[in-house]
Amino acid sequence: MFTLGTALSNQIDANWQTYVMIIVYFIILLIIGFYGYRQATGNLSEFMLGGRSIGPYITALSAGASDMSGWMIMGLPGSVYSTGLSAIWITIGLTLGAYINYFVVAPRLRVYTEIAGDAITLPDFFKNRLDDKKNIIKIISGLIIVVFFTLYTHSGFVSGGKLFESAFGLNYHAGLLIVAIIVIFYTFFGGYLAVSITDFFQGVIMLIAMVMVPIVALLKLNGWDTFHDIAQMKPTNLDLFRGTTVLGIVSLFSWGLGYFGQPHIIVRFMSIKSHKLLPKARRLGISWMAVGLLGAIGVGLTGISFISERHIKLEDPETLFIVMSQILFHPLVGGFLLAAILAAIMSTISSQLLVTSSSLTEDFYKLIRGSDKASSHQKEFVLIGRLSVLLVAIVAITIAWHPNDTILNLVGNAWAGFGAAFSPLVLYSLYWKDLTRAGAISGMVAGAVVVIVWISWIKPLATINAFFGMYEIIPGFIVSVLITYIVSKLTKKPDDYVIENLNKVKHVVKE
């Protein structure tokens, strides 16, 4: 019987090639960070949004890489390995959600954020869209971003720590710090341009990795007959419905609802050169996502047979990709595949750090400093943005220092928080002329509160009744939709010019 350490020791301990690949990967990221620093950090819009000059292909892979994170390479394969094919309902929901997002949200958001005061953050857009002169919605939505993204970012650091602990035998905390130092460097100095370029680069690496590992695993095992072997081990392994419930399927499928309100994803739509380039971005982005998720499912399924055949004791299912990549491949290739995991983790961390930083700077600091001074203090705002990156990273690292949950659960909680608070509001903002400031604030707060209450007090009751175990985005999203609608209907309608802006957006998008 092998332990995880035994399975990896012969592959890594004496193979400097693996380390070389990781070091080369880190050097490339640092170079891109320096390039971003030289090219586009002169003002806050450039630092936070790339000056709205990003092309469709970088937009597509940047959105995909920052979306999928370590979850696609570590979380999803581990889930499929543990529960079988029934885990793929989440991938169906996510793919549909992402596809609809490109059609429903992307074009209007790109146009509307520019028309509505050239907003560079989601809270700033809400404020301008609803003519909130008191900045109440800007402050509340900014707080939601800071709280949930700190939680979300810490899940990425947990993934990085786990990677170095599992693959290299390093102390978890040492691995966490290595990832933190690199990602903070290129985000701190390079801003949005560096983050987008590194995301594109990392997205390519991730895709290659997710295609390579399951194909080589099949060749090493029993070809297509491997799936017959997997079914023989446990009938539920290849059954979409067995081993789960209707409520479980609905919960997994409902992850797709979160796409419309994820700031680190939809900010990509805000930064593209023109809304007319979004179809190109959509075709590449959805294709990348579909192939990557299929690969992750393939890793999980082939891993069932692979681990069993080699009598490996897999202590943590989320390390499945690491184990397979290091046993199946030459150390040089293994190093590349480990870099793919780092790519998945770091692309998301950098995006989340930047969005949180932009919220702290644009939605809080500039508010305190005084918007009338904004044009003459761009360097100051960029500096505050950089310091905010550092501050959020330190807080997230502190929380991640003592991990006590799985990557999937950590991501799930934050995803639900944004999905319930922002998804309905984004959709209402882009399509409904009767949305009011009071309705928006009430619905947003209600969605976030329901998610927090459900996670903290309702979900633990699932042992009594399975209904309480449903994914928290469902009740949060429903409550947010209803509260926003009801309160908007009961309060004063928006001014005419707000409605005129909405009509202008519709006209521009149709051109």
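Note that the numbers count up from 1, one per residue, in the order the chain is shown.
For all residues, glycine too, the Cβ spot is worked out from N, Cα and C.
What you are looking at is a predicted structure, and each value in this text was computed from that prediction instead of being measured.
Look at Swiss-Prot and you will find 16-36, 54-74, 85-105, 139-159, 175-195, 199-219, 246-266, 284-304, 381-401, 407-427, 438-458, 467-487 (among others) tagged as transmembrane segment.
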Counting Cβ pairs closer than 8 Å to the transmembrane segment (54-74), the top stretch among 139-159, 175-195, 199-219, 381-401 is 199-219
Near the transmembrane segment (139-159) in space but 6 or more residues beyond its ends, with Cβ under 8 Å, are 69-70, 74, 121-123, 126, 176, 179-180, 263-264, 341, 344-346, 348-349, 352-353, 355-356, 359-360, 363-364, 367, 392-393, 395-397, 399-400, 403, 407, 410-411, 413-415, 417-418, 421-422, 441, 444-445, 448
Of the listed stretches 16-36, 175-195, 199-219, 381-401, 467-487, the one with the highest count of C-beta pairs below 8 angstroms to the transmembrane segment (246-266) is 467-487
Listed stretches 16-36, 175-195, 467-487 vs the transmembrane segment (381-401), most Cβ pairs under 8 Å: range 175-195
